[in-house]
Amino acid sequence: MCRIFNMAALVSWFWSEKFWFPHGLSWEDLKNHDQSDIRLPQLNDMHWSIVVGVVFLVIRYLYEKLVVIPVGRYFGVKERRRVKVVPNIILEAAYQKYGLTVNDNVKVLVKQTDMSKREVEKWFLHRRQQDVPDSMQKFRECSWHFTFYLSSFIAGCVILWDKPWFWQTKYCWKGWPQLNVTLDIHLYYLIELGFYWSLVFTLITDHKRKDFIEMVVHHIVTILLIYFSWTINFIHVGTLVLLVHDAADYWMAAAKMAHYCKKHKLCEGFFVMFCIVWVISRLGLYPASYKWMVGIIKIILNLLFHKSLLKIQLIRKDKSNNMDDASDTDFESFQPEDL
């Protein structure tokens, strides 16, 4: 009885209005009222996100079968023919327990299964191959991530382009908690949340990464944060966070796709773009301001533009020297600002 009381007190303290709200506001201010024209976000609005996650699984399956696999084969992505392993409870238990060191126990397993040493070794070889994804499987996963993140980023830009908080972040909080939820913002949140539900569903079927536990924690925390920002009506800043995080992810996915296609130069180019976008979005735009980000972009573009002009001038001078023509331009005194 005492434990129940302590738990109730802890819950009451955690959801205390004094903790979550400034003076004069309460949870009642986040509820919809019939006499109000403002539609506030409610927790049950996001229940359909699980269904959206299941729909994403179907879309992903069809997309990979009809588009990704043919494209991967065209670019020479390697596929490994998988041999179906005959289920064996004893060998499976040994594989789960010993992993790659199971060879030290082969003689014992031979006696337990009435199989030859060669048959046991062959079973473990095929069983290991099931846990090691081939390049095509990785290419399929990266292609799906690339398609979603790029589509989501473009859709987010279109949705937020005419929103005042997209250009001035002070409008993220102006009028809170009475921030009206429009249909496009609702769908944007629903699709993003549904995608992360689909990632949770596919953690078992996708190849098990070394950072499996970290990815599980990442997806669950992301889902909780999306739910939280929706429930507390932090939707304005929430949409910006979703957009900023999607801005860099598809560049990394594209770099991985190019790597599996053996396009190393393209892979390096995509990775450089990922680094640039990541630094601008995560270290500049997200914690700072839009004006700061625009200034950084201008500096980068000026550097790239000036470098290109210098290269063009070098090419022109080389051609001029080869033809023994007098050059009208003294390259050594050339400055990019002269153009």
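Glycine too: its Cβ is placed from the backbone N, Cα and C atoms.
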Range annotated as transmembrane segment - as stated in TrEMBL, picked from 146-167, 212-233: 146-167
The transmembrane segment (146-167) versus listed stretches 46-63, 187-205, 234-254: most Cβ pairs under 8 Å: 234-254
Close approaches to the transmembrane segment (46-63) from elsewhere in its chain (Cβ under 8 angstroms; 6 or more beyond its ends): 143-144, 147, 189-191, 193-198, 200-202, 226-227, 230
